[in-house]
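**Student:** Mind having a look at this structure? Questions to follow.
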Amino acid sequence: MINFTVGPVQSSKAVRKIGAEQVPYFRTQEFSDVMLENERLIKEFANASDDSKVVFLTGSGTASMEATVMNTLSKEDKVLIVNGGSFGQRFVDICQIHEIPHDIIKLEAGKALKQKHLEKYENAGITAFLVNVHETSTGVHYDMELISEFCKRNNIFLIVDAISSFLADNFEMSKWNVDVMITGSQKALACPPGISIILLSQRAVDRVNDSKVKTLYFNLKSALENAKRGQTPFTPAVGILLQINQRLKEIEQSGGQVSEQEKIEKQARDFRDRIKDFPFEIVSESLSNAVTPLRALTASAYDIFLILKDEYGIWVTPNGGELREKVFRVGHIGELTVDDNTKLIEAFEDLKARNII
Ligand SMILES: *Cc1c(COP(=O)(O)O)cnc(C)c1O
């Protein structure tokens, strides 16, 4: 099996080996040291300032999206949400459930965010901004410089879901004045699913500490208090946190976030250069290195996904909803090589020879 999905993705050998071992007890200095090292490396790879803090939450990415909204926003806020697909819609749903007042910038599938979309919200009393920097459902990577300048100008609290973008695209937490960055274990971190990560600026920590939210498991104030000594309030997914530690150290040893990003970019560029002769069209106006979203021009996208999986042992990512028959996505994150791309291209050639595409 070769996995080109956008998560869970393929893990390195050393990360997989940890998954086969006994899970240790965790209220120890040894485990605290691992957690503090995880915090240091996440901050470093997100270009965050020294005073920022990291929470490791046991739960998939959505748990951290919801916890962030619950602990940093309230009914007093006026939130602006970029909704360009199913992950943007998730922020809308979370704000609705928690009764956070919000406005929505709705974008068509594949469309980038532009200055013109933001204009009517200048000096309009917006207090917080929610965006999925890479809207993974359609493969659109938003312009963070544009968003950052808008938020700086209007003194807006900026929350960024970078779950599928962290490590695949550059992220400048401090320079862009981002208050919260969210990521997860199963995307470019290339570990099993189960841990999500919230990186908070000092301004975000202050909001958490002032929050009156009623929740036990999602209480970030108590998570932050525990994190000071490298611990969590409840039993975390200990094994995955050890795998994350292995993976972060692998990245550090091979040159850090910059070289990891270059590796993923090279993998993406190789693939994009080699699909020109196939009846596919790249859907997105603005791409992340993490994934290539393709519109299938001559066949059902969902059928292509099924045939590749069942007859070739190759997994690409299908789309749901109204894009199900039209779009599939090829991921470039996780333990993949250019040779793996070759196998996928050969499978496409075969589908062409069989008149399937
Ligand atoms: C994968 C992903 C998530 C998280 O989804 P979970 O299934 O909860 O892990 C959230 N936002 C984006 C942009 C994603 O790509």
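Glycine is no exception: its Cβ is also placed from the backbone N, Cα and C atoms.
Residues or ranges marked as substrate binding site in TrEMBL: Arg329. As annotated by TrEMBL, domain 'Aminotransferase class V' applies to 28-316. Marked as N6-(pyridoxal phosphate)lysine by TrEMBL: Lys187.
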**Student:** Tell me, if you would, which residue among Lys187, Arg329 (recorded positions) has the fewest other CB atoms within 10 Å in the structure shown?
**Tutor:** Arg329
**Student:** Determine, to the nearest whole angstrom, how far the Cα atom of the residue listed as 'N6-(pyridoxal phosphate)lysine' is from the Cα atom of Arg329 (substrate binding site).
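**Tutor:** Rounded to the nearest whole number, the Cα-Cα distance is 14 Å.
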**Student:** Compute the average pLDDT of the predicted model within the domain 'Aminotransferase class V' (28-316).
**Tutor:** 98
**Student:** Which state, by DSSP, holds Lys187 (N6-(pyridoxal phosphate)lysine): helix, strand or coil?
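**Tutor:** In three-state terms, Lys187 (N6-(pyridoxal phosphate)lysine) counts as coil.
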